[in-house]
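Peer 1: Reproduced below are the annotations present in TrEMBL:
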| type | residues | note |
| --- | --- | --- |
| DISULFID | C139-C176 | disulfide bond |
| DISULFID | C140-C160 | disulfide bond |
| TRANSMEM | 12-35 | transmembrane segment |
| TRANSMEM | 50-74 | transmembrane segment |
| TRANSMEM | 81-103 | transmembrane segment |
| TRANSMEM | 190-216 | transmembrane segment |
Amino acid sequence: MCCAEFLVKYILFFVNLLFTIAGIALIALGIAVLVQTNEILDLIPVNINAIPISVIVLGSVIFVIAFFGCCGAIRESRCLLTMYFICMAILAAGKIYLATVIFNGLNTIQGTVEGWVDTAFANENLRKTFHVLETLFECCGTTGADSYVGIYPITPPSCCASGVEVCNDELAFGGCRIRLGSYFERFGEIIGGVLIGVIIVELVAMLFGMFMCWAVSNNRKRRY
């Protein structure tokens, strides 16, 4: 094995080791968001759980493919390297599409979330669930404590931090419209940014995988 092949082999191994860690990180991020959004499902008219579930699935797929890459590089297996290259090409194409959808959706997510919050707050049957949302996201009403004027005689406890004995307008959190809109917008930006970074590294890893596969085939031909 020449110096270039040796370098490519171990670069490919360590790059895929990083992909394995990235896959685990995406799974953890998806689970964290899934647990948080489960508390407010009644407030949202669409299945928002599809987003974190998609992230979990994506992280799992990245983990499995990266594992193929690690094994293929160390074992110098042409079969594993070929599978790795094909899977990476499909995965990269899928992530390019997903990143495009996410960044296009960021333009409308603020307005969409504001609509959800307004509708949920206006529904008296969802008032208890809305208080859970306020505690979870540290927000108050739609636009702040003034949202409860004419509804409650005092500001509800869910509008203030847990250590506050008597909640009032001065101690209350800001409105849930801006808080939730910013939360989902930030989540989308993080996922989109991670996807772009992963796509760039994946394209480089694909080239390394192709070179490694060619080198393995070439070495076998020389032996015979």
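Placement of Cβ uses the backbone N, Cα and C atoms for every residue, glycine included.
A quick note: this is a predicted structure, and the numbers were derived from the prediction, not measured.
Help me understand the surroundings of these features in the structure.
Peer 2: In this structure, C139 (disulfide bond) belongs to neither helix nor strand by DSSP; it is coil.
Under a cutoff of 8 A between CB atoms, and with a sequence separation of 6+ in the same chain, the neighbours of C160 (disulfide bond) are C140, C167, N168, L171, A172, F173. Secondary structure at C160 (disulfide bond), as computed by DSSP, is coil.
Beyond the transmembrane segment (190-216), the same-chain residues lying 6 or more positions past its ends with a Cβ under 8 Å from any Cβ of the stretch are 1, 5, 8-9, 11-12, 15-16, 18-19, 22, 26, 29, 55, 62, 69, 72-73, 76-78, 81-82, 84-85, 88-89, 91-92, 95-96, 98-99, 102-103, 106.
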Peer 1: At a 10 A cut-off on CB-CB distances, which of the disulfide-bonded residues C139, C176 has the highest count?
Peer 2: C176
Peer 1: Sort C176 (disulfide bond) into helix, strand or coil using the DSSP assignment.
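Peer 2: For C176 (disulfide bond) - judged by DSSP and reduced to three states - the answer is helix.
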